[in-house]
Each structure stands twice: as C-alpha cells, then as structure tokens.
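Taken verbatim from TrEMBL:
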{"type": "DOMAIN", "residues": "201-410", "note": "domain 'BAAT/Acyl-CoA thioester hydrolase C-terminal'"}
{"type": "ACT_SITE", "residues": "S230", "note": "active site, charge relay system"}
{"type": "ACT_SITE", "residues": "D325", "note": "active site, charge relay system"}
{"type": "ACT_SITE", "residues": "H359", "note": "active site, charge relay system"}
Amino acid sequence: MSSQVRLRLLPRARCMFDEPLQVKVAGLRSRQVVTLRARATDEKGVMFSSMATYKADGSGEVDLQRDPSLSGTYTGVQPMGLLWSMRPDTLHKRFIKTCSLNPQVVKFSVHEEEGGMLAEATNERLLVGDGVIRCPVKDGNIRGVLFTPPGEGPFPAVLDLYTFGGGLSEKRASLLASRGFVVLTVALYGYDDMAKNIKEVHLDYFEEAIAFLKKQDKVGSKAVGVISISKSGDLALSIASNLPDVGVTVWINGCSANTMLPLYYNKSQILPALMFDMSRMIPTESGAFNCKYVLQNPLAEENKATLIPIERAEGRFLFVASEDDLNWDSKAYVENMVERLQRHGKDNFESVCYPGAGHYLEPPYGPYCPSSLHGVAGKPVLWGGEATSHAAAEVHLWRKIQEFLRTHLSCDAPQTKARL
C-alpha cells in the first residue's frame, strides 16, 4: 500500500444509506491508470463487488463526480457507480438488507494496473438516522416494527407493506422515518409467531395496523399513507379502496387486480385471486426465467372479478411503473388503472414511468438486482432493467415518494402551551 495515495469519502465515511457519496483519490502519478473497487457482504453472507478503471488528471487526482470510468462494472461519469453496480459472487442473488440495526459496510480500495493495493477506506451506510426510535411491535394481531423520528412532531404516518416472501423488511421504513415520517412496517407471515405460509389475506389485519399507527403520540396526519411494491401493491389498492383513513397510496410495480391469494374482510371474501400460469415461464441462457406474461390477464372477462375497485378510494394514488419490469407488465396495469379512474370521473392520481428500470425499485444506491429467486415460482427469474437507468430511477423516485407523502399527508400544527 502506498503511503502517498489517499482515498477520501466525502462528506464523511459514515452516512445514511440513501445519501450520495463523493469518492476522491489523490497522490497518484500524473495520468496514472488505476482500478477502484468496492465490496460488501449482505445479511446472508453473499459477497457483492464492483470495479472501475480511471485515469488520473495531471495533478494525480481522480474524482468520481467529474471523471468517467473507462471500463469495469459500469462506464462513464457515475459518481455512485461503485455502489449500484456491485454484483454478487454467486449468480441470481439479491442484496439482502432487511434489518435496520446494522449499517451496510462497504470497503473501497484503489489498485495499480498490476493489482497492488494503493489505498483503502470504509464507508458505513446507516439505515437508522440519529434519534430515530426503533420499536418492535407485537400488539394484538400486528407483528412489525415502528420507527419514530426525533423531535416533537407532529409527523405524517406511513404504513409500509413489504409483505411477500415472508418475514419483515425494515430498510425502506427506517429510511423514511429518518426523513421525518412515523412508519410502521408489518409482516404478514413467516415472522415471529406468525404462520409460515398463508392461503388467504385478511384486510382486517391492515385495518388494525392503521388504527395502531394513528394512535402513536407523534402522528399528526389525520390519514395515513401506504407504500408498497410488487404483490403488496394490490394489497395497498385494496386497503385504499375498502378502509377509511388512507390519504395516500404509493403503488410501485404492482398489479391492478388481487393476485395469488383470495382477499377477505369481516370474514367474507371480497376478491378472488388472479392466478399465475407457470407454463408460460420462458427459460433464458442465464438460468433465470422470464415471467413477464405468466400472470393471467386481469381484463379477460373470466378474470374481471379480481380487479380492485380503486374508484372507491378517497385518497390519492402515486402509480410507479418500470417500463422494463419483467416480473409482470406494470406499465399496462398503470394504464388500466388510469383509464378506470378517469372513466369514473376521478383525478386523484399521478403516475410516473421509468424507461430502462426493472422490477425492484428500492431506496437508492443499493446494488442493482437483475435476477434472483422468485418466491412463487421457486426458481430464479429476471427482474428486468438496465443497471444505469435503474439506478437513476431509484434516485428520482425516492425524492418523489417523500415529496408526494408530505404534500398529501398534511399534519396539524403542534399544540403550544398558552403563556400566562
């Protein structure tokens, strides 16, 4: 390792997961060609890594905000490329970061063309901001984790649905709380003392979760927001269409119909399930399957009973679709829903589509996932997208979600004590 070469992470080496980082190298020879590497291990012990080749300027410096990568896991000027282009050392693995307690630890290093290391630095990417309170919830039927921001509030309340695949994911909820929202993320099965698998979904569970969330001391919004992705997208639509007190629904790459499991409310089935036809899975050379058209058509006459009556919803919708989603045709489902709302004279929605993005749109700067095991198919599937476009979509969407929630979940002013 060279004592003269310095690798700097700005503004600091310890930051929030969703914060950009400036990577700079100094002390190189003029025009020296070097390779920068990043590596991190996920909760399952899978190693992810990236690399990019850079040429120093005349002063022997490399600045990833200014300089292009000449080759590697990405090319061009991409300041955060070393993070989002990290790839697993085993095929078809998704970066698993579900618990908020431990930061994502990324090791950055600079290497000579021959491979020798010149400098290294560590970046800790936190999921819980300073002062955010994390409280596991086991209340009635509810199983999950509540995140509360620091300060008196009042804050908008959000119910985070990351419910399929079993277990609980805290990442998005903890990051939203760090940005000023009271967030409850709930499990539906496969967590704590809950059943390992389920054959039906009951809206009553989410009604209980919303009531619990609204009772929290720092919650100031009269209504709650619901944020979802994939299968939980149709659950969010059903919650907004059937339950009171839902002011905002963020739907990311979901379906417009109730999928996989029948939906019940007050012990009665309210929606049958739109099912998959696994014979339509298309194998690819990578070993992963393309399952974009595996789900039955919700607009076919025999399936229309599965469509969710979103025109009943009083709150606002943010529909988000990736145009290269290979899990299913999210963009077509958005078009279906927009047409349905307009036909009922409603304008309580916004929609945004991202060209070149794949299915898993998450908080930004995590490793892009092209393929991984599908919980329903039981096989690895392609999620779609191109890494650079997908990473840009995640940055834009994360800002959009926060802005949308703040705009439409108004809070009462904090109560002030009268002065004598």
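Including glycine, each Cβ sits where the backbone N, Cα and C put it.
When pLDDT values are averaged over the domain 'BAAT/Acyl-CoA thioester hydrolase C-terminal' (201-410), the model yields 96. S230 (active site, charge relay system) sits 10 Å from D325 (active site, charge relay system), taking the C-alpha atoms as the reference points. Cβ neighbour counts within 10 Å, taken over all protein chains shown, single out S230 as the most crowded of the active-site residues S230, H359.
When Cβ atoms from all protein chains are considered, those within 10 Å of D325 (active site, charge relay system) total 26, not counting its own. Between the alpha carbons (Cα) of H359 (active site, charge relay system) and D325 (active site, charge relay system) lies a span of roughly 5 Å.
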